[in-house]
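Colleague: Handing you this structure, nothing more for now.
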Amino acid sequence: MAVPEVNKTMLGELESMGFLTSRATRALYYSGNLSIEDAIIWILEHEGDPDVDQIPKVPFDIKIESGEPSEGETTMKLKELREQVQRKNKEEEKRKAREQEKERIRIRKRIMEAKSIQEENDRKRMMASRKAEKEEEKRAREIIRRQLEQDKAERRRMLGLPPLSSATAKTTTLPKQEPHMLKGSRPARFSIEESMKDCLRSLKKNHKVDDAKAKKAFQTLLIYVGNIARNPDDEKYRKIRLSNPLFQDRIGKFEEGVQFLELCGFEKDDGFLYMKRNMVDIDVLNLAGMALNSAITNPYFGLLSL
């Protein structure tokens, strides 16, 4: 089998237009070697064929007709074919642009739908969260209310008063406490306990933005109180240097913390907080310890005032 002979001039023109030699040869052969136009039309019609770029094999030579178009005709036809190819390319570009725009519209639509669904889900979650917060607040208030009732009952017991009945609990008040009552009496202890709790509530309320520092202050106060209660005769636990950096960082910078220590029995003395041995009152220290423990462990401590 031999490679068919084709018009060399037309083959060169097709190659200059960018067509492969094999495709140009096949086009000229199957279009009859008549013209450039016929060859290009054949290429356009068969560009999807799997063997379009294979040079055909023939058993014998094909005679090339001697008749050739004039140079002017060839130029005109080449111009028309180039314009035809350009028009086809432009149409293909427009088609692709339309498809891309449709795809962009579909994507925007999907994004808007997803955003709408997300906003709806966020709204539902927010509503559920608010509902849960309200229920939690309601439960917290109920716990605090019960705790207040228990505290009132305990105070009445400490004062030697009978328990309140459910009918009179809301209207009965504790007897008025006199500020000059002697140390050691139950009313005086009750007044000290309330003052201690007020100090701790005030500290927590005034520094609620930094709750961790307030909690650290409570824990440090509990250590001071516990050390004295366990070792009342050891002076080192009853004497605190006010300028001590650790003390200043944890307690000294809080006015309420210093007031709490003074309620426990400390007094300011020449740059120190000092508790005299005869001022050590284990009962008062126990009250301080219970108040501090409540402030540390009770998440609702200080939310409502007594």
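The backbone N, Cα and C atoms fix where each Cβ goes, glycine too.
According to TrEMBL:
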DOMAIN    5-46  domain 'UBA'
REGION    66-101  region 'Disordered'
COMPBIAS  74-101  compositional bias 'Basic and acidic residues'
REGION    118-138  region 'Disordered'
REGION    160-183  region 'Disordered'
COMPBIAS  165-175  compositional bias 'Polar residues'
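Help me understand the surroundings of these features in the structure.
Modeller: Restricting the average to the domain 'UBA' (5-46) gives a pLDDT of 87.
Using a Cβ-Cβ cut-off under 8 Å and counting only residues 6 or more beyond its ends in the same chain, the region 'Disordered' (66-101) has close neighbours at 7, 9, 13, 17, 35-37, 40, 44.
Residue counts of the compositional bias 'Basic and acidic residues' (74-101) by helix, strand and coil are 28 helix, 0 strand, 0 coil (DSSP-based).
With DSSP states grouped into helix (H, G, I), strand (E, B) and coil, the region 'Disordered' (118-138) comes out at 21 helix, 0 strand, 0 coil.
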Colleague: Could you tell me how many residues in the domain 'UBA' (5-46) are helical, how many are strand and how many are coil under DSSP?
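Modeller: Its residues fall into 30 helix, 0 strand, 12 coil.
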